[in-house]
Amino acid sequence: MSKKARISVRQVTVLMFMSLIGDMLLIYPTMITHIAHQDAWISSILSIPLGLIIIYVLIRVHELHPNLTLIEAIRKILGPVFGTIISCWYLFYFFMGVVLNAREVGDYLTTQIFEDTPLRVLLAMEVLMLVLAALAGIEAFSRVSEILIPVYIFIFSGLILALLPQIHLSNVRPVLENGLAPVAKGMVPGAAMPFAGMSIMLMVFPFVNKKGHFKRDMLLASLLGGVLISLFLLLSLLVIGPFVTNYSPYISSALSTKINELNYITRIESLVALLWALVAYFKGVIFFFAFTFGITQLFRISNVQPFIIPAGALVYGMTILVTPNVFYYVRTLVYPMAAWHYTNGLIIPLLLWIVYLCRRKWKQRQNISKH
């Protein structure tokens, strides 16, 4: 694939939105509630402004070289030696991103829908779908996401409306029972997991036919994604309480069960599960695209197609080894993963921005001294 492929601002806005919520609807409520308990919704809401700052930094870094992907921009800013080292670091980040995403979806499907299907079979099918999407190209899966987003919004809105009779405000009381410390701790992964992980979009932005409202739409998509995640977390707390939210690895299934208890809508668990898995799949597609396309750019290879199937095989093997189960991931690896996302989504982009400004200022001084 070359950068001749183009997508619209609307399509990249949808990709940003779906990538941000992605697997968060699977693991986010349990992750934050384990830290902040019934005040997890406060942590989530307060994380949104921090997340928007991260997105703004990423957009500014992209604007330094708007026609270059992250891998190309790193090499241009840091030079061939340090640039190659940091580029390899990001390729590993993209690789682990798609691996963890695929494993989350695989565990979810095998425990909620396909209970008699071996995990390895589901993972193989999922990786095959990633490979097919990458072979089709960014234009194809951008159009598919644009088509599916109304369906997703409709079903999610229906889920919220169906659960309104089950809301109990007592589930989030007393507010700030343990003070501000748990809320602050919850904000650490609350901003890192959804927002800092959006550094993958720096591999997509150069394909966009940009207009004047590009930055506005990216920030708006991030805001809406953060609000939706916070709303889902709050709904989980209000309907089933902090205890079940904390110890349920997949809260969406518990919420679906609550809808069944009302008896006017039944048997929707499979529909909800497939919806969540589909949204998480699009995030995995972008990680996989960033990994495969980044390899070709690092080694200056014009054709990405020969690398897609071997990369898929590598991803499949790693999904089996990466973690025992998703509960281990959301319990043990929360803060290490948050630090990893902050490093790749905030710290390194800020350093790139600073290095770029320093080099530009140094060149300006050199030009002045010559004249």
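Quick reminder: no glycine exception, Cβ is built from N, Cα and C everywhere.
TrEMBL labels come from automatic prediction, so no person has curated them.
What TrEMBL says about this one:
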TRANSMEM  12-28  transmembrane segment
TRANSMEM  40-59  transmembrane segment
TRANSMEM  80-99  transmembrane segment
TRANSMEM  119-138  transmembrane segment
TRANSMEM  147-167  transmembrane segment
TRANSMEM  187-208  transmembrane segment
TRANSMEM  220-244  transmembrane segment
TRANSMEM  273-295  transmembrane segment
TRANSMEM  307-327  transmembrane segment
TRANSMEM  339-358  transmembrane segment
- Counting only pairs at least 6 apart in sequence, do the transmembrane segment (80-99) and the transmembrane segment (339-358) share 3+ Cβ pairs under 8 Å? yes
- Can you say which of 147-167, 220-244, 339-358 has the most Cβ pairs under 8 Å with the transmembrane segment (273-295)? 147-167
- Item | Two-stretch contact, the transmembrane segment (220-244) and the transmembrane segment (119-138), at least three Cβ pairs under 8 Å | no
- Between the transmembrane segment (12-28) and the transmembrane segment (119-138), are there at least three Cβ pairs closer than 8 Å, leaving out pairs fewer than 6 positions apart? no
